[in-house]
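What follows is a set of notes on a single structure, which appears directly below.
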Amino acid sequence: MAKQEDIFKNVVSHAKEYGFIFPSSEVYDGLSAVYDYAQNGVELKKNIREYWWKSMVQMNENIVGLDAAILMHPTTWKASGHVDAFNDPLIDNKDSKKRYRADTLVEDYAEKLNQKAEKEIEKAKARFGDAFNREEFVTTNARVVEYLSKKEEILARLAKGMTDDLQDVKALIEELGIADPETGSKNWTDVKQFNLMFGTKLGASAESAMDLYLRPETAQGIFVNFLNVQKSGRMKVPFGIAQTGKAFRNEIVARQFIFRMREFEQMEMQFFVRPGEEMQWYHHWKETRLKWHLSLGLGKENYRFHDHEKLAHYANAAADIEFNFPFGFKELEGIHSRTDFDLKAHEEYSGRKLQYFDPELNENYVPYVVETSVGLDRMFLAVFATSLQEETLEDGSERTVLKLPAVLAPTKAAVLPLVKKDGLPEISKKIIEDLKWDFNVAYDEKDAVGRRYRRQDALGTPFCITVDHQTLEDETVTIRHRDTMKQDRVKITELRGIIENEVSMKNWLMKM
Ligand code: ATP
């Protein structure tokens with residue numbers, strides 16, 4: 001099996017070679033952790049967004065959409081806690097001048113202890129075979145016990161240092177002898193907090209300009225509009241407001257391609273509920289969101305929940321849906337029970353009431369909120385990386401195929417005249433003229449037809465329609481299925497129905 005890193009490298013290069021994702025401003029050597037979506041990427045991304053929007057907004061009578069501005073009144077970010085608490089603890093190496101997240105350095109160290117323990121476990125497993133009892137081994141083997149208890153102790157001290165005193169985090173780094181991963185130097189500065197928000201200015205003159213931030217999340221645009229939407233839409237609790245849009249974070253350790261970017265897109269929904277009913281809705285949305293992911297058919301084994309033990313200041317329950325990315329299980333979506341923290345904070349800072357009159361209870365209250373928040377770019381990476389496959393065919397040849405869920409594929413069908421003459425291009429174009437009202441379709445007449453099939457496989461196109469000499473006689477074509485490579489001879493008039501059946505959002509969302 002190919003190594004994880006190789007698979008990931010392949011994902012990045014395929015995305016570039018086939019026009020999905022380019023580094024931003026590449027002619028100037030790019031901008032770190034910023035990417036552009038190319039001709040095929042923009043279609044895939046749009047389809048994922050639409051798939052989310054349809055399932056959240058169109059299919060739910062009590063959820064409506066919103067498109068709030070990226071720039072917001074700066075007090076928003078005081079109230080939300082981002083000005084004071086949206087920080088990463090940073091440490092610099094004085095020799096190499098490299099900057100790191102102090103907590104990540106310690107976590108990586110702890111993870112190495114974990115790996116050492118795992119190695120011992122694997123060795124023992126190989127030795128004892130079927131008789132191996134993992135639980136017993138982990139609690140009795142002296143080495144494993146030592147590695148794991150040391151790991152726990154380090155993580156506990158890190159957590160305490162992060163909340164109480166960052167100097168303790170530095171002391172921990174020194175005590176463990178953690179070195180700069182790139183140079184080996186142990187000459188560290190103090191740990192300092194670094195705010196992740198990008199600042200900008202509104203206004204022309206230096207004196208009158210107002211300091212603003214690019215929003216680090218879309219959620220606050222929903223909270224400040226809560227009452228406007230509730231009143232103008234005559235919404236009744238429970239109801240939700242959904243939004244997709246750009247968010248900006250000055251991430252320090254921005255690697256792993258589009259997994260962690262400085263400019264990214266979120267798809268968020270805030271669901272407003274009666275106080276006391278939030279847990280039931282939290283569980284409802286956890287399950288519903290997982291079902292949405294599973295409906296895409298990327299494999300149940302690739303998802304897991306991670307319930308948070310340590311909660312953010314605004315939450316009374318939180319979980320991540322983690323996905324098995326090429327570099328391991330990582331957060332894809334967060335589901336948070338945010339209490340009434342945000343609306344109350346905006347009441348306090350704005351001096352306005354943000355309350356709902358519940359006609360059934362005959363009382364006013366600040367609703368509680370359950371949030372679902374998924375990164376569109378991370379979704380893209382999950383779908384793209386899992387779909388990219390290398391296959392060995394029966395004749396021993398290899399093919400690269402992007403097995404995207406057909407509903408998300410950028411191009412639904414490619415129409416290919418077998419040869420560039422005898423009127424076949426003309427018929428192909430007529431087919432395109434007809435289908436393009438409903439689907440994204442492509443035309444390709446260059447190279448031998450086998451090579452054209454392979455190119456469409458690599459682009460993730462679910463169908464190839466080939467026009468040949470028989471078409472001239474009986475108005476039939478062959479339709480080739482990407483995943484099975486099976487070809488059927490069908491009437492031109494049947495094409496729309498065949499494609500529709502496989503790509504319609506309805507058919508996919510019904511699997512939820
Ligand atoms: P992480 O722990 O990975 O930094 P987070 O917990 O800060 O993520 P949230 O604030 O809960 O993330 O944001 C919700 C979602 O937005 C995440 O689940 C993720 O899919 C996406 N997201 C967050 N930060 C980034 C980023 N820098 N680049 C791309 N997507 C992101």
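Placement of Cβ uses the backbone N, Cα and C atoms for every residue, glycine included.
Heads up, TrEMBL stuff is auto-annotated, nobody curated it.
Substrate binding, as stated in TrEMBL, involves Arg101, Phe264, Glu265, Gln266, Met267, Glu268, Glu371, Thr372, Ser373, Val374, Gly375; the candidate among Glu146, Glu217, Glu309, Glu322 given for that site is Glu217. Your range for coiled coil, going by TrEMBL and the list 107-134, 163-190, 331-358, is 107-134. Per Cα geometry, Gln266 is the residue among the binding-site residues Arg101, Phe264, Gln266, Glu268 nearest to Leu376 (ATP binding site).
With a cut-off of 6 Å between Cβ and the nearest atom of ligand 1, the binding-site residues Arg101, Glu251, Phe264, Leu376 reduce to Glu251, Phe264. Note: the CA-CA distance between Val374 (substrate binding site) and Arg249 (ATP binding site) rounds to 15 Å. Other Cβ atoms within 10 Å of the Cβ of Phe264 (substrate binding site), summed over all protein chains shown, number 20. The two recorded residues Leu332 (ATP binding site) and Gln266 (substrate binding site) have their Cα atoms spaced 11 Å from each other. According to its DSSP assignment, Arg249 (ATP binding site) is coil. Look at Thr372 (substrate binding site): DSSP puts it in a strand.
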